Every structure is written in C-alpha cells, then in structure tokens.
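What TrEMBL annotates here:
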TRANSMEM  20-43  transmembrane segment
TRANSMEM  55-74  transmembrane segment
TRANSMEM  95-118  transmembrane segment
TRANSMEM  124-143  transmembrane segment
TRANSMEM  187-207  transmembrane segment
TRANSMEM  228-248  transmembrane segment
TRANSMEM  315-335  transmembrane segment
TRANSMEM  390-412  transmembrane segment
TRANSMEM  867-887  transmembrane segment
TRANSMEM  928-946  transmembrane segment
TRANSMEM  952-976  transmembrane segment
COILED    1165-1198  coiled coil
TRANSMEM  1297-1318  transmembrane segment
Amino acid sequence: EPCFSAECNVIEKTERCHNVFFLISVVFTSNLQGSLLVLSTLSSPTSTRTPKERQYYVLMLVCSLVVPNLLVFLKSLWKCAFKNFVPPNMRTMGIVCGIECLVSLGTSILVLVVMPQFDVLTNLFISGGVCMLSSVLQIAFRLQRENWKIIFPICSLMLVLTGYFLLGADYYVRVSSFVSGQEDDCYWYVGIAVFASFLVSLTWWENPVQASNNMQEMLTELDTFRDFVFVISSLLRIVVIAAVYLIYHVLIQENIVWSDFDFTAKADDDENTIVRHRETLDIGLILLFLQAFFSAACHWFGVVACKIHSVRMSFAFPVCFTGPAVLILGMILFLTQSEDLAGADTTSITDFCSSLVELSTKNTSTVVMLEITKSICRTSLSSHYWTWPFSLLALEGICMWLGLITCTYYVWNFRVQRIERTTELFVRRLYESAFIDLSLLLNTKMKVVRTRNQESVVDDVENCVIYLCATMWHETYDEMLKILTSMFRLDRYRGDPKEEHKDVFDFECHIFVDDAFMIEKETGKKFVNEYVTDLIHVVIEVYRVFTNKEPDDVSIIETPYGGRLMFVMPEGNMLYFHLKDKQLIRNKKRWSQIMYLYYLLGWKGYIVKNPQKITRQNNPCRASLISLDGESFLLPQHDNDSKRKHISDDNTYIMALDGDTDFHPAALILLVDRLRKYGNVGAACGRIHPTGMGPMVWYQKFEYAVGHWLQKTAEHVFGSVLCSPGCFSLFRGSALMDDNVLKRYTTTATRASEYVQYDQGEDRWLCTLLLQQGWRVEYNAASDAYTNSPQEFKEFYNQRRRWGPSTLANTLDLLHSGNETVKRNSSISRLYIFYQIFTVSSSILGPASVSLMIAGAFQFVFQIEGTLSIIIAVIPPIFYMLICFLAKPNAQIIIAAIMSVLYAFLMLASFFAIIGDMAMQGTFITPTGLFLVSMAVMYLVTAILHPQEFSMIIYGLMYFICIPSGYLLLTIYSLVNMHIVTWGTRETNKEKEEKMTQNVLCDRNCKLCCWDMKLQVTQETDNLLLQQLQQAVNPNTQVTEQVVKEQQANTKKEINNAPNEENNKGILSNAISVVTFHNLVHSSDDSVDSIPKKENWVQPVKEEFLKKLTYANMKRNLQEQIRYTLRNKNQEDVCEELVMMLTDTVNGELKDKVGPEDVLSDSQLEELQYALNEAARRILKTNRMERLERRVKRAIEKTLIAPQVEKLTEEEHDFWKKLLERYLAPIVDDKAHKEEVTRELKSLRNKAVFLYFIVNVLWIVATFFLQAIGNDVISIKIEKIWPNGTSSGEYLKVEPLSLMFLLSFAVLLVVQFLAMLYHRWEDEEGLILENQIANGLVITSDDL
C-alpha cells in the first residue's frame, strides 16, 4: 500500500540502519574469533615459530583475556564511586566471587593450555560446548512456556555430548593413524578441554536461575551491590589468569625465559633477525588490538542492535553464524593464498603438508597463512593411511554449532522495549572476549520484564495519564502557534481517548495565561487582553489546519481565579485555557505551576476520585497533597466510575512546557517511557534547541549544544541532572507530592536569598527539592524540543541575570545539604558532591579565568609582557563593575554591548594570530597551539558523536569570540544587579489598564478637508440602535428606559470627533444606520431577546466562537465535519453525496434569509438541524447505510452547536476558593516591607560581589606573582616536534599565565568530555527506535 513520504523515509532509514548493523556484526565477530584462533595457532608448540616468538604470542593471549576484565573493573569502580555504596552480603559475595574464579580458571585453561595443543579447526569447534550447563538448567527448571519446547535444551545437551564423543574419536584415529604432530598425551588435553568447557559454562548460571524465579532473594540482594562484586571479581579473575599462566608455562612447561621478552635490536643481531623481531612484534600487537577492540566493539554493537529492535537481523543471525562464517572465510583464504606456498602444485594433501616444513626458515609467505595451513595439516587430512576420519571432525563442528543454536533458541523471539538499558537486556556486565559470540547469546536474558509497545504483545501494564501544562505570559502569535501545533500533533498521534493506544496513555492539555485581563478605563469592565485574543485566534487557526473546520465543542467558564476556556480537540482529547486575573490570583510562572499542580494532582487526582473527606487525625497515610481546613483526601483503591481513577500517582505525569515550545509526540513518549520504566526517576528532560535568527541566537545554539553534550551529560553520568528546564520536562506526580517538595515549593519569598533562589529560577529550585528528597532527575538526549531564545542583547542579558544567581544559589543549597542528600539519594555520591564543588569553584573563578585568557591574548597579539598584560586585562572588568554600580541597567547593557564587540575583535585577532604562529613555527606543538587544537579536536569529536547536531559546530567561532561577554561581563552584570527581581523578559510598556477594543464592528479614520474624525461602531452601539428601531417598528416591544440610557451613555464614549462634535453626530448617525441596516432586516425577535443585560469578558469571547455559525462559515464547517467524521469508513461515494446534498439543504434553508456574515439564532439553528437530519436520513437509507446515521447526526450537531457558557460545580468552586485563600492570593506588600526587601537584596548583592571579587582577585594576584617570578622557575617544558614527527631539539615553555588558566578551565572540560564519551558508549540514548507514526506527523508553523 502507498504510504506517506515521511513514514517511508523513516522505514527506509530503519532498514538501512539494520543492514549496516548486520554487516558490522558479521565483520566484528568474524575478525574477533579469527584473531583468537591465529594467536593460539602461533603460540602452539607445533608451530614453526621460535620459542622466543611462541612465548610472546602466549603473553598476547594472556593480555587478550585480561583486557575485558580490566575494562569491567574500571567501569564498576566508576559506578561505585559515583553511586551510593551498599555494603555487600559477604555470603552472597563469596558465592559469586567463587563462581567467577572457577570461570576464569576454565577460560584460562582452555585458552592458554588446551587450545595451543589443538589444531585451528578443533579450536573453532570446541568452544560450542560451553552451553552445556545452560541446557541442563533449562531442562531442570523447565523454563519453556510451551511444554514441547523442552526438546530444544534436550537436543542441545545431546548434541554437545555427541560432539565431545566425536572429538575423542577423532583424536584416537589421529594417533592410531600416525598423523604428524599427534602424541599420546592428546587424550589428556581432550579431557581437560571438556572439564574447562564445563567451568566456562558456569559463567551464565544466573540467566536460567533468574528466569526460573529460584534464588530470587539472593539475586535481588546481589543487584544492590553488583558493581562492588564486579570490582572484586574482575581483580580475582585477573589474578587467576596470571596464576594459570605462571603455573603452566613457568613451573610445568618451563618454557618461559624472561629475557626473551626483550625484542630490542642487539649489536650482534643480523638484519634478518631484526626484521623478524619487528614482524613478530607487529603481528602480536595487531592481533591483541583486534581481539581487545573487536570484543568490546562486538559487545557494544550487539547491545545497540537489540536497542534499535533489530534483534534477529543484526544480533541473533550474525552471532549464531559466526562459527560458519569464520570457517568459510578461512577456506576462501586457504584456497586463494595456498598458491603462494611451496608444494601447492602437488596432487596429494600429504605431500603438500610435508612441503610446509621447508618454509619454516623462509620468509617467502606470510607468517599467519603459513601457521594456519600447517595447523590444518595436523588433522586427519594429512594421514598416510586414510582421510575419511576427517568427517568426524566435521560432524563434531556441526554438533557443537547445532547444540549452541538449540540452547539459545529463545534469542530469536527476544523482544525489547523502546528504551532499554544493558542490565535489562543481558544478565552479566562481564563478557568473555575469548567466546564473544557465545557470551552474547548465552548472556541474553531468557525472561525480560516488558511493557506494551508497537512491536510486541506482552502482559498488561498500568495506564498513565499525562497533563501537558504550558505557562504563557505575553507570547507572540507565532510562539503560541508552536505550542498549540505541538499539542494538536499529540492529539492526532494519540487518537480517540476512548480507544486503546499502543503506548497506553491518556493526556490533557492545559495552558495557563498570566495577566489575561484588562480593565476598561471608562466603565471599569473586565475584558480579555490582546494576548488572549491572539490565543483564541491561534487555536481557531490550528484547528482549521488539522481539520479544515472551526472548533466544535467550546465552553466558557467563569472561575474564582479568572476564567477558563474548554475545547474538545479533533480526536476527542481535552484542551483548557486557564485565564488568570492578577487581581484574583498571584502572577508569575512559579505560582502558575503551583496552581496547576494542586489542581491536577489535588483536585483531579484525589478529590474527583474520592469526594469523601477524612479528617487528618484519622488518616492512616501520610499527609496528602490537599489538606485544607484540617481535611485531607485519600486515593480510593477500587473505583469503576472512570478509568483514570485506577491510575496511581506514580503513573500520573506532569509535562511542564513554555508557551513557545515546539515538540513532536516521539519526544514526549521517550520521556514517558523513562519515567514509566524507572521508579526512582522523579523528572526527565530532553534536548532543548534554541530557535531564532541573529548573532545572539547563533551564540546560544552552540552554548546549548555544549551545555547538553558535556555539562548535562556529565551530570547524568556522574550522578543526577541538577536542572530539568521548565520549557520541556516531565515530572512524576508522586515525586511532586512527596514530603517537602510541593509543600515547600509554595513558600512565599520573604528574605533576599529566597527571592533569588525561589522566584528567579523556579525550575531549578523544584529539581533541587526533588534531589534532596531522594528522587533522580535524568536527561534523554533523543528527546528533542525547540524553544525561542532571546534575539536581542538586552533580552539575553536580562534572562541570564535571572538564571545566573539562581543557579549558584540552588547549587550551594544542594552542596550545603550534601550529607543528607547523599544518604537519601542513591544517585548522588560524595564524589559527585566533590565534582559539583569543583564545578562551582570553576564558575566562581570564571571572570578571573577569562581575564587571564584575555591577558594571554594581549600578550600573544601585541607581544606584551605577561605581568603587564594581566594589568591591562583586569582594567576593563573593574571599569565595567563600577559602571554597573553607578549607571542604570539599560546603560549597563549598552556599555556591555560595546565592550563585547571590542572583546570579540580581540579574540578574533588572537585566534588568527595563533594560527599564524603555528604556521610560522611549522608545528602546532606550541602552548597556545596545543590548547586551541585540543579544544577544537575535543569539540569536533563531541559533534561527531552527535551526528544529528553536527551542524552546531559551525557556531563555535561565534561562541569563542563571545566568551569574554558571556563569562566575564555577563557575570558582573548578573551579580551587581542581583537585587533586581523582576522577570526582565517579555516586559510590556503598555498601560496596565487599556481601553476596551472588543466587539468593534467598524473602526475607520475619516479625513475630509479640515475634518479629522475617528469613526468606531461597537456592538453596544449596534444593539442600541437595534432596540430603538425595533421599538419604532413594533411599539409593543418593551425596552426599559434604564437600558436605553445606559446604552446611550456608552455610545457617546465611542465617538472621537475632531473640530466640530455637533456636525459629526449627524454623519456618525447615518454611518451607523448604514452599517446596521442589513443586520436589522435579517434579525429576528430571538436576537433581541438574547442581548445580555450586562457586558463582561464572557460575551466578547463567546462572539469570537459564534462566527462559526455564520452562513458563510457553516457550509464549509459542515462539509469538512462530514468528511472528517467518515474519514475511516471507506465510503467516499456516500460521503461526497452527503456533503453535496447537505450543502444544498443549507443553501435552501438560509439563502435569501440571512446574510453571509450573520450569526444564526437558536430557532434558525433548530430548524436547520432538523432539515439536515432528515436529508441525511434519506440519503443514508437510499444507500443502505443506516448504520452511519447516528455518526452523521452527531457531526451535524457538532457543526451547529454554539459555544456554551457554563459554571463550575459548587465543589470545584469551593476548592479554588480555599486554594486561593491559602496559597495563591495576590501578594500585597506595604511600602515598608518593599523597602526592607530592597535593602536586604542590595546587602546580599554586596556580599556576593565582594566574595566574587576577592576570590578572583586572589587568583589573578597569584598568577601575577607567579608570572613575575619568571618562566625559568615555574614552567612546563614541551619538546618542539616537527610535523614529520622528528624532534627539533628545542623546548617550548608553558608559562604560569597559561598554566593557571588551564587549571581553572581545561581540567573541567576534559572531565566532562570523558563523561560524554562514557555516556555515548554506555547509554546509547541516541540510538533508539522512535515511533514511525510520530515521526511522520511533521506539521510545523511553516505549514500554517
């Protein structure tokens, strides 16, 4: 079937990705197993290599076994250091470590003792026997869901035992037929191989045990300290490997001569010996690298293949067929390369093998090919009597391979979630590099806890509900367009909430608009302001884009906090606009968040589920979220009234959004999966992308990229993310309702430090509360969201003026409670606290570090001495700090902009000067060159590891030249203006109270000769004339004098005349008559009766939505409503016939009766609805489609329904009253309190500035005196190396100026870079199979 282009592209990319991973997996596993076989062949006593070379290859085998254990040791030590340490149970740890020692003993014996004694084909086949214990345990525990599948492990065990029998029979034939190189002691090695294989099979004991629900208490306990066990066991494994090597080769074989490990050229060595030694070293190191690299890479690619849901094609198939692939590859190499060997022209395989002896002292062929060929000749193929026993070896290989396949049959049906961690895919973190293919198969979990997703049918999971909550304050039309488009995308992706969805979630959208109302000066009436008007226009426009029609169900509700608009989205999900009146409820974002958290988690989460109130004293649970007037509410255990009543707080999520956020459903689902999967995660955030144009946006693009690539990733890896931004973050309901989180979040700032911490960065403070309570905050790099960033220099500085002090205050708060946080939060360790201390210290020293960098630029560009350059560099910051104390904020920003441009020129000059210096020196090995190149390489590697964001690297130069502005001037500006606690962005200069401009029917500026008159006809004027004319035509119509006088008084205020007011009245009267005459003719008695007696904000808003009921709009809405309703019924012909006939019915009923812009009255709507229902019934009956009649009638009803004005229930009204009274009542501070707060804020500002100033001055003074002492005393010497790698004999010195800068800046960057590498290697968050349908819904503001 045809598909949409976006979906086809996603499918093609997915298939292409799977194919690439398939090829990579085949190549990696083949090379890995081949390198081990070659090493064991080269170290064999029967090889043609010298004893010195053989012992060197044995050492490479030892190293290949040690490397993976060393990697696991480092990784586990990392986790133990940055996570909470849990003391291990010594009994459990002893059992596990004992098993690991036995496994290491078996692996060492098999690789270091047995395999060098066997030929290469036997070594290839014998490894399949390590699955024997897994087969036995599968049979014993009966792990198969279907009883008949027990035949798989039974066949596996029988095949492995048959393979070992054939192995013994094969070597018996070899000895009895006098095959060259076979001695009687080979029987001992066969027995040792069987024993060692059994020990190796102990590696995967935990897999069938955990799947059988046996020893679950021990395994659960082991999970709490598994990292520490791996630290100890990996060291023990290394010790066992070294012991086997020393005991066998040093004590038993006595074939190790320690002096032979010296491969340096001796004076008496000839040229051939030197060349041979170099060749031996190269071969050994290359094979070791291949073995170590490909084992780790194969393990990683295997994990990634599972995570991208390519289990069969890119994991199971290539890993299962590794053995046959290596065999086929070896045969191809043998057939193609054997022609170069002497004796290739012989007709007998025996003669051919005999001719290989002569090549042992020649270099006419490659060493590897020669030894592999000679090893093959040790099989029955070279027997002088018969060669048919070679079939025993072939049958052995087939049996071993089939035994492995039947033992791991479950891998082919392995299903994973959309987001999966390695520990939930594989039982062990360790992998056996000698048997990587077997390790991956046998280590794959037999029983994985799954959740329902698009690819698997699994056990039921709990449904979850997501409340999307966006806060708005003075957003523009385009910004509103982004957030509403994103919500409507999610509506289309989710579909009808009454139907099940593969992602098992329901959602609601809530938009909270601050400062939504304005007061008309003349009358004192309240109306919605222009921002709400824009929001209404946007929702109508977006609704049209998605459905080609107007919104169907709209409700308008007056509330204690202002008002509420309620919409039903096209697929049936709900959208709410909460309009806040600043005279009734507190303004600003934090209070909007408190408002919706109490409403959604309190009212909807508790009170709606259980209206019965239980006093606090009788409450057996902890204090609930809502506890007003001494009453609390409990969550019911069983309630069938609504499906959401079954959803627990753990599965209730709050999606915090800004009013300009743009996202796709896939981004939200990735965050939902993360919270649904990990119960200790209280919040999760995605990758935020700034949007806009201009230099400031370019700077922020790279700043955001580096902040997410390095800083946020480092926090995620080392411990927990400190800030989940409020523009796109998902919070768990139970985490927000936890003790000391939401309750403390409602604290009103009264002290200076609280104003900075609480109100200037509310999202960071909320995350600080979550961390202190023990919840983890995570970062998902694959969840992308886009938000507008400041495009003006002033707006950017004011935004960061809020963020900077708040970030520092919250981090210091977390560090101050570090001991308690470490005890409560398993994600935060003391080492992570130390990392944050180092980060804060680097941040505090930021101005000094940048000043030193500027001093270095002066020194480099202008050839100024180091001490003098430091003095010159500190003068501008001191000057700007004085300006900030003396001048107004606007003047400060203007001066900062000028200084930023000057600094940018200096940084650009230093950048090109460094490049020129490297060109003149002929090398980049210079202090400045090394720093520039290393930083460039570091950022380039980081960008390469984020391929979808690689284009961000082009903004790096802009970021570089703006460093003085962003880290020096901005820091000074933020600190000195800390006492200013206003928002700083999206401020408006308009008057607080504006003249009402709602319901304007005509607004014209008339100019004629000397006349200048503004003509404005409002709905009130129209209603007044309508009443007067109606009374004149029908004297029986009663209109009270009071209403007429009130309307006349309001009408006079609408006329703004210029020179002659009296003359203009006549002109205005005629104009009004012309405007209203048409409406008068077509108006009915119902129109007059429906005129409200008192205007307020509700009626103007209602009239905006009543425009859908005009004659012109109704035809289009009805047509699209019918098409939209029957879009999935495969009845295009009936649908189009309905559209045509119903349109004719509308024309017949309304043509020549109403004007195209007239709103139909209630009686006209009832008559039209009856006529349309009858017409639809006749058409459906004619086409025998009566089953669609109910659906069509509902579509007609939705088309003709008018917006409803509703009231809150008494219970909800009471809830809001209590909530406003307790937490959200507007704050009214007296003048004395404001002055006191201002004094405290300035005092806090002075203390912070003094602290910053002293610390930075001390750092700069220390650098100054170190620089003054001289380079010869304190410096780092670097040898100057030419580009060709030769030394120049000269040394370059790193001066104290550069050294101090590196200590304060570069060290932190390197640490974060290493964390990023670990993050990309371990978590694979970017390699997640996103939902194809979600990616196909690409409707952006450009489409609108």
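In case you wondered, yes, glycine gets a Cβ from its N, Cα and C as well.
Note: TrEMBL annotation is automatic and uncurated.
Because the structure is a prediction, the values reported are computed rather than measured.
Below 8 angstroms of C-beta separation, residues 99, 102-103, 105-107, 109-110, 113-114, 117-118, 126-127, 129-134, 137, 164, 167-168, 171-172, 219, 427-428, 430, 432, 435, 439, 442-446 of the same chain, each at least six residues beyond the ends of the transmembrane segment (187-207), sit close to that stretch. When Cβ-Cβ distances below 8 Å are used as the criterion, the transmembrane segment (95-118) is approached by residues 36, 40, 43-45, 58, 61-62, 65, 69, 126, 186, 189, 192-193, 195-203, 205, 218, 222, 229, 232-233, 236-237, 240-241, 244-245, 248-249, 432, 434 of the same chain, each at least six residues removed from its ends. Of the ranges 124-143, 928-946, 952-976, the one with the most Cβ pairs under 8 Å to the transmembrane segment (390-412) is 124-143. If you look at the transmembrane segment (952-976), the same-chain residues 6 or more away from its ends with a CB under 8 A from one of its CBs are 695, 698-699, 701-703, 705-706, 797, 800-801, 804-805, 846-847, 849-851, 853-854, 877, 880-881, 884-885, 892-893, 896, 899-900, 903-904, 906-908, 911, 936, 939-940, 943, 1245, 1248-1249, 1252. Sequence-distant contacts of the transmembrane segment (315-335) (same chain, six or more residues past either end, CB-CB distance under 8 Å): 22, 25-26, 29-30, 33-34, 37, 120-121, 124-125, 127-128, 302, 305-306, 369, 372-373, 376, 397, 401, 404-405, 408, 411-412, 414, 437, 440-441.
Remote same-chain partners of the coiled coil (1165-1198), defined as residues 6 or more beyond its termini with a Cβ less than 8 Å from a stretch Cβ, comprise 552-553, 1109, 1118, 1121-1122, 1124-1126, 1129, 1131, 1134, 1137-1138, 1141-1142, 1145-1146, 1148-1150. Over the coiled coil (1165-1198), the average per-residue pLDDT in this prediction is 84.
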